[in-house]
Amino acid sequence: MLLNRTKAPEHPTRQSPGATDLHGLVMICTTMYRETWDEMSQYLESIEKVATSQKLGEEYSWTGKFEAHVYFDNGVRGNKLTDFSAQLVCLVQSRYKECTVEIKKTWYGWTLQWRLPGSLQLPLYIHLKDNQEVKSKKRWSQVMYMESAVDRFDDSEVKYILATDGDVDFDADSIVAMLMQMLSDRQEEVGAVCARTHPEGSGPFVWYQMFDYAIGHWLQKVTNHVLGSVLCAPGCFSVYRVKAIASVLEEYRSDVEEASEFLTKDMGEDRWFTTLLVKTGWRVKYCAGACDSTHCPEEFDEFWKQRRRWIPSTLANQILLLKNWKTINQNNKYISMIFLLFQIVLLLSTVISPSTCILIVTGGLYYGVGVPTWLSFVLFVLLTLAFALICMYYSQETQLKVAKILCFVFLIAMAIAVVGTASQMAISNTSSAPRIANDNGKYQGCYQEYSYSGDLLLPNAVTRIKDLTNAKCMSHCHENNFYYSGTGSPGTACFCGPQQALENATRLQENMCASPCPGDSGETCGGRPNQMSVYEINRLFGVQLQVDVTTLYIAIVAGIHIVAALLHPREFTCIFHGVVYLFTLPCVYILMNVYSVCNLTDQSWGTREAKSQKEQSKESFLDDVVAKMRQCWSFCRRSYHKLDESIEEEPEREAMEDEVDGRIDVGDSVSSGSRGHMRSIPGEAQPDPGKRFKSTRQWLQSIFGALSNKVEIYEPIFTREGYTDTSFIAGMSDEDLKDIGVADLHDRNDFRRHIRKLHQDEPDIDIRVPDNVETWLTMISLDTDEYKEKFRRAFPEGTKAQIVFQELKTMTEDRIVHKLGVQAKGHLRRLKLAITRIRQPTLREERILKAKRDIDGKFQEHPPDVIAHSKKPYLDPTTEQFRLDQNKEDEFKQNLQQLRNSYLLTYLVANSVWLVLMFTLVEHAELQVINTNPLGLVFLVTFTFVLGVQFAALVIHRLATFIQYVSRIPMTRERISAMCLNINSGYEPI
């Protein structure tokens, strides 16, 4: 450690320039979409801590070496800020009032720039993406900032990217820790460094995630780090080497072309990017000295939807890694065959985790309340299969409701199982059980010699043995091929019985079997009157354990986790949340796995979505179940229709109002900007360059084709009901389509697929009480002479606008139709939405509205000229795969269904085989080893070994982390002199 120190620098606390020179810039790149007020505030607090850091600016001389970039999805529509981007701008302006904003028009939208105060001279850029001009979603935002960094890397300007999420809390020390790991890599073989992430929030779901994140970092991530390479450097807080990014960027920005790629590229982009780095020879490291905090799901639905993305994408990336094992093994010197074998074991354990949990619960219920194992086994299997069918044929809303009920059932079952298992462990290791219990058999307890019918409980091969001991009796029964042995009065009697002998027996209190054995007074052989000590015979004699295998395994698992917590003193409290983790094991490893795989076809993100308008079924859930049971004979026909509808059961639209946790909506105009990249098709209506929205005819032509007769059929249907452009069509539900006369189910499904893509066209309606009716009608695109006249007739001349809107707020739908004479369903829908939103904004909303008006005004004043930029095809939203071509989209959905079915089949076969093998081996006592069936024993030994490897890796990594901490202690002349009295002060780093 001392040899890695340089001479004491002239500045008493500054490191040598050679050791800390970044040789370029660090871009702090963040993606945002629908973060809340508090989450954005937390991000800005983190940026401020970096900008004002004395350590970065003075101790490491990194002034001017950092830039902060925020890439905001759907941040602008034409020349108008959207709701959430206005929220971020308001926060920046409130925090940095003395800073002026610089505005620049870009090919993808707009860029806002502030120069933040502080020793680091940190510039903050907010890149507002117009999703009509550039592809949306996190991966494409990452591609944008990665391309920017790579272009500047060629000029030797940018060397590292610090990727963060928009809700992450971090500090300068964590940045230093990760960058120092990069700088210490003199061969430049490390492509990325990730940090320890702490979930934030409150409630049982957060407690579960605290323990889950803890063991994920303590054991799994450090093991990958020590054995080879970390397999997931999350984009929430990781440092990437731009040179490494350049080597994989071309593949990372490729479109989804196969169903399996959808899981890796769009559902698990961070893990896939890490896989690409490992595949091309880069190593990814884990730095426990760096940490960050991020908000995590606090509610059941959001938590499950998040894991619905994570579980299949993790499996898909593990499979991808193993499929390319030969290439990875050749290209990456850190990835050995042992490392790949370790990943195979982890993959197999994930696949069979549902059946393993069922075995744990059934065994615990047997010991807890005496439920026969076959009964609980059949019950849990049927519940799991029923839930799988519900997940395949019902909406997300129904699935999650059923999941909550089943989770409660599984929680109660697991609580009983935990008590039962603990009770059995205590009995197996209690002093009242003879010492021989774990040598030749397992002590079952004290029982009456006679059953309720008056017959002997163990009626076979009854004999008297001189100097009787439990071992002699078990040996006798073993020679006669019996399952149980029993010793009892008159002190020399030995009883034997078959496996089913104890099914109807009643267990007695242990103190009733207290008679010493004639052959060994340290053991007990039953008691008086007519009690006997019963043992289950172990077929492998001579193997001696002081405790049974189950107790030993649980002790090892618990001990490793407790020691891991002790090695992380600041995180020790996470171990207490392991109680929540334990009780929710069946819910997570059985139900959540089933839910995730069955919903593999769901292409929605799941989290950070606006509240959606769900289609409400007219039939109750129970009625639908009965109807489905009656239609089992027509399974294929029913499957086709229901499956087709279930795939479409994604959120129909983003809601116009979302005020949860500080999220608000403020007013935009509904017509601005231009698209400017529509292709000209003969016979197709061309867009008006002055309008942002497509006409209904243009939209129908994009679905069916310019020459399709369906355009002529449906255009008058839509326009007659007021759906004259995509701003009115956006958000339509299946019921809306039925109401206007779209009767064909297949066409409705086509419309719903395309309507979901119009969420950017939904109008942003001001929440404030309007000053006059005409301005309000203009804002909601109903500013026609017809509607102006209707309002003049409905309300006397001179009526104040506030009075008009107060009355509108009290009107029912029928009243609106009657008083205003609104007939078109699209116009009625727009009026109802606008009236619902009218209210007095809060102080926070007023601040956001002011910031929005300020920036929108500057957008209007800004010169329209944009520096020429050739838009990359892969960032052009009009070229997105499977979206413009209906045949391709249908083919993709079919492939996704086939992939889902193959995953389900794999899960079903693997778990079925595992359950059958385990239950079959239980019935054959002659095959047992150490009182455990051989397959179960192999399973326990394998995973005990895996835990042992993880624990060893943990110890090694903690030692390395300690050395890293010590090596970063500032070295003054006095401190060096005190540490190196007998060492030449002229040493140089090696």
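FYI, residue positions are counted from 1 along the chain as it appears here.
Keep in mind that glycine also has a Cβ here, set from the backbone N, Cα and C atoms.
Those TrEMBL annotations? Automatic predictions, nothing curated.
The following features are taken from TrEMBL:
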- 334-367: transmembrane segment (TRANSMEM)
- 373-394: transmembrane segment (TRANSMEM)
- 406-427: transmembrane segment (TRANSMEM)
- 440-538: domain 'WSC' (DOMAIN)
- 574-592: transmembrane segment (TRANSMEM)
- 648-692: region 'Disordered' (REGION)
- 648-660: compositional bias 'Acidic residues' (COMPBIAS)
- 691-761: domain 'SAM' (DOMAIN)
- 768-841: domain 'SAM' (DOMAIN)
- 903-922: transmembrane segment (TRANSMEM)
- 934-956: transmembrane segment (TRANSMEM)
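Ranked by Cβ pairs under 8 Å to the transmembrane segment (334-367), the stretches 373-394, 574-592, 903-922, 934-956 are led by 903-922. Of the Cβ pairs linking the transmembrane segment (373-394) with the transmembrane segment (903-922) and spaced 6 or more residues apart, 3 or more are under 8 Å, so the two regions touch. Through the fold, the transmembrane segment (574-592) approaches residues 204, 207-208, 210-214, 304, 307-308, 311, 353-354, 356-358, 360-361, 380, 384, 387, 403, 406-407, 410-411, 413-415, 418, 561-562, 565, 568 of its own chain, all at least 6 residues removed from its boundaries and within a Cβ separation under 8 Å. When the domain 'SAM' (691-761) is classified with DSSP, helix, strand and coil residues number 49 helix, 2 strand, 20 coil. Helix, strand and coil counts from DSSP across the domain 'SAM' (768-841) read 48 helix, 0 strand, 26 coil.
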